[in-house]
Amino acid sequence: MKRCCEGVGLPCLFKGVGMASSRPPKYLLVFDFDGTIINESSDDSIVRAAPGQALPEHIRQSFREGFYNEYMQRVLAYMGDQGVKMGDFKAVYENIPLSPGMPDLFQFLSKNHELFEIILISDANMFGIECKLRAAGFYSLFRKIFSNPSSFDKRGYFTLGPYHSHKCLDCPANTCKRKILTEYLAERAQEEVEFERVFYVGDGANDFCPSVTLTSADVAFPRKGYPMHQMTQEMEKKQPGTFQATVVPWESATEVARYLQELLKKKC
């Protein structure tokens, strides 16, 4: 199946994971992080490292809809002022629980890695994602990770930046996952890698935006009862047939693994 879309050259973390086979993978598998790979929002989780495991009212009241990245910059600055260091953040990230069944799904993908190219698109941050994936032992599964840049400055403060700018009216100002996904597919097409199918595993409203671009050959895996699932249901009710991808809701990621396993059996 040939895919064509405009825009290339999106900056990202390239991990250079080698495939066992010289043939390119058949399928692209896209993961979200917060509420998908992990069972929490990592931005909420890190508050456990703050004094009293809580934020002051003036920080919490500073949140503006659509500008969550800016809000988190203020949260991290406050935590830096309170003496929270890299090791404190790292410990929290490493101990965030994975979503139900996620280890099973990752084990399945590890055994079938030559068939799947796996990327992660998240509105969290690079440091937190790397900490958790390394601790869980699944970091090497991902070819590329797209997320907000983060680092520790000379003071030891945890700093966060926006991923990019975009013109999408449906997404937060710092990240549009649809833009990231379409540019990634275009980049891979220029490298003569065309995927038979795209699978998207997510939970949030910002995962709905890229899933709308999926074709009838693709599969969207929204977490059952979460915003992405609710929005696909609403679109199907109001505009039947507009959402083209097959929708497979999940409560446990084991269900995603079973679906993919059945797909591979049919292909054999």
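Cβ atoms here come from the backbone N, Cα and C positions, even for glycine.
The active site, nucleophile annotation in Swiss-Prot covers Asp32 and is backed by similarity to another entry. Following the DSSP three-state reduction, the secondary structure of Asp32 (active site, nucleophile) is coil. Cβ contacts within 10 Å of Asp32 (active site, nucleophile), excluding its own Cβ and spanning all protein chains shown: 26.
Residues annotated as Mg(2+) binding site in Swiss-Prot, with similarity to another entry given as evidence: Asp32, Asp34, Asp203. There are 24 other Cβ atoms within 10 Å of the Cβ belonging to Asp203 (Mg(2+) binding site).
Taken from Swiss-Prot, the feature active site, proton donor covers Asp34. Around Asp34 (Mg(2+) binding site), a 10 Å sphere centred on its CB holds 24 further CB atoms from the protein chains shown.
If you look up Swiss-Prot, you'll see Asp43, Asp123 marked as substrate binding site, on the strength of similarity to another entry. For Asp43 (substrate binding site), the count of additional Cβ atoms within 10 Å of its Cβ stands at 19 [all protein chains shown].
A gap of 12 Å separates the Cα atoms of Asp123 (substrate binding site) and Asp203 (Mg(2+) binding site).
Under the DSSP three-state reduction, Asp203 (Mg(2+) binding site) is assigned to coil, being neither helix nor strand.
Apart from Asp32, Asp34, Asp203, the residues listed for Mg(2+), the same chain places the Cβ atoms of Phe33, Gly35, Thr36, Ile37, Ser122, Gly202, Gly204, Asp207, Arg223, Tyr226 within 8 Å of the centroid of those Cβ atoms.
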